[in-house]
Amino acid sequence: MGRIKSSSGRCSTARLEAVAVLVVVFGVASSSLRGCIAQQSGGGLTRGSFPEGFVFGTASAAYQYEGAVKEDGRGQTIWDTFAHTFGKITDFSNADVAVDQYHRFEEDIQLMADMGMDAYRFSIAWSRIYPNGVGQVNQAGIDHYNKLIDALLAKGIQPYVTLYHWDLPQALEDKYKGWLDRQIVDDFAAYAETCFREFGDRVKHWITLNEPHTVAIQGYDAGLQAPGRCSVLLHLYCKAGNSGTEPYVVAHHFILAHAAAASIYRTKYKATQNGQLGIAFDVMWFEPMSNTTIDIEAAKRAQEFQLGWFADPFFFGDYPATMRARVGERLPRFTADEAAVVKGALDFVGINHYTTYYTRHNNTNIIGTLLNNTLADTGTVSLPFKNGKPIGDRANSIWLYIVPRGMRSLMNYVKERYNSPPVYITENGMDDSNNPFISIKDALKDSKRIKYHNDYLTNLAASIKEDGCDVRGYFAWSLLDNWEWAAGYSSRFGLYFVDYKDNLKRYPKNSVQWFKALLKT
């Protein structure tokens, strides 16, 4: 997953428990509450609650699922390096095996089909296609993803393919520091074109990047995820990096990389393949801590430093004016030619949404003095508590509070700010702990997860039917319990329980039956 989390596609990291303040802060985002709010719980959801053609699926990521890290010519990635660095992963695990989907994809596709899922969002490992990031194509990698795509289509499941879900080839990190160098734009575009050419006859929905905001913050500001660069707390945690500049450089290159890939697709492949390209943005929703003007403005500003940072250039041709004013010369500028290519380069908006926080104006200099980073630039503080009371019930991950109304508010924000773009919820879900003292039988009783999906989907349906938001699909994170980035195997997001002690056997949680009933009605 991707998120301040480590996830899913999330970015959840259990290590944030030791630095709860950093957790909240580094997942900045927010805006004033808009739109009507549906009840926290809703009943009677069916397929008919959503428009005709609305897509239901589950989501995954290559590094979290595949395993087989040294098979069939796959090259090393920055996450291989990070996971094998002592102290980086909460449970000291790695994803060398993960849930072994590389070998078990046919079994897992059958699980999706049995539930009645329409689509599967998975990522291609760049280092399986180009082991060194560039150069010679690895045919074994091409063959594997052809088999996966064909197997999905044979079961009537549409592939939604992510090109980059955090697993940069280590060779490019070694060669020129990866996303910090402008060369990455051309190398990513070349990799993307190879995927368009090889798989585009069957893949009609491409997600070029998963959670670029999470990568910029967790990888280059907080240093809690690969490649683990930062300068916060006087480099006590990271050996190298600059938290005040590198996140902005990396973000700029992400935006240019998507635009370059989109330009190639539209010029050479769109006419014959007729696919669409988007990005999966990680977006927390934030409500003002109070109804004061200063907190309302802080919430808006925080959201601009999250979604606006990465989405505004595609709709308006530049970063938010608030960022220009507060970041100054540290925020890169688009040339006129670059802005022309970037603006309009999104066919749809992917949203990875899990939780909602309160946001207030930061009226102290402590954060700026200690961190000197993007959080300090926002001038905000985001917390899941107000007056000592949590904003909602908490899942297992310390960052994940269950606030279904945030889904509807966020959809209205996207509709209003970006003039009703097509939206897919590319990730949404919650986790349980990997508790060794709970039996498998009890672990399958996930009523909390059922309520989570029911309530978030109820608010999503209301945003479509009552508010006119153009939302076209929903992907649950995740099909299986899996390796959750810096949280390792300590966090279970799956609809299916994976027995890590017994050959990775898959067992359906009660939420599987809930989705099956939803999708059949």
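We count from 1, first residue shown onward.
Any Cβ shown, glycine's included, is placed from N, Cα and C.
Annotation source Swiss-Prot lists signal peptide at 1-38, citing sequence analysis.
Summarising the annotation, Swiss-Prot assigns beta-D-glucoside binding site to Gln64, His165, Asn210, Glu211, Tyr354, Glu427, Trp477, Glu484, Trp485, Phe493. For Asn210 (beta-D-glucoside binding site), other Cβ atoms within 10 Å of its Cβ number 33.
What Swiss-Prot lists as active site, proton donor is Glu211, and the listing cites experimental evidence. In the three-state DSSP scheme, Glu211 (active site, proton donor) is classed as coil. For Glu211 (active site, proton donor), other Cβ atoms within 10 Å of its Cβ number 34.
Residues or ranges marked as disulfide bond in Swiss-Prot: Cys230-Cys238. Sequence-distant neighbours of Cys230 (disulfide bond): residues of the same chain at least 6 apart with a C-beta under 8 Å from its C-beta are Tyr220, Asp221, Ala222, Gly223, Tyr237, Cys238, Gly241, Ser243, Asn373.
For the recorded site, Asn291 (N-linked glycosylation site), the DSSP three-state label reads coil. The local packing around Asn291 (N-linked glycosylation site), expressed as other Cβ atoms within 10 Å of its Cβ over all shown chains, amounts to 9. Annotation source Swiss-Prot lists N-linked glycosylation site at Asn291 (among others).
Neighbour list (Asn362 (N-linked glycosylation site), Cβ cut-off 8 Å, at least 6 residues apart, same chain): Ala298, Thr378, Gly379, Thr380, Val381. Per Swiss-Prot, N-linked glycosylation site is recorded for Asn362 (among others), and the stated evidence type is sequence analysis.
Sequence-distant contacts of Asn372 (N-linked glycosylation site), defined by Cβ-Cβ distance under 8 angstroms and a gap of at least six in the same chain, are Ser231, Val232, Ser243, Gly244. The N-linked glycosylation site feature in Swiss-Prot is assigned to Asn372 (among others); the stated evidence is sequence analysis.
Residues or ranges marked as active site, nucleophile by Swiss-Prot: Glu427.
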Neighbour tally for Trp485 (beta-D-glucoside binding site), based on other Cβ positions within 10 Å of its Cβ: 36
Cα distance (Å, whole number) from Asn291 (N-linked glycosylation site) to Gln64 (beta-D-glucoside binding site): 41
Glu427 (active site, nucleophile) versus Asn210 (beta-D-glucoside binding site) - Cα distance in angstrom: 10
Most crowded position, judged by CB atoms within 10 A, among Tyr354, Trp477 as binding-site residues: Tyr354
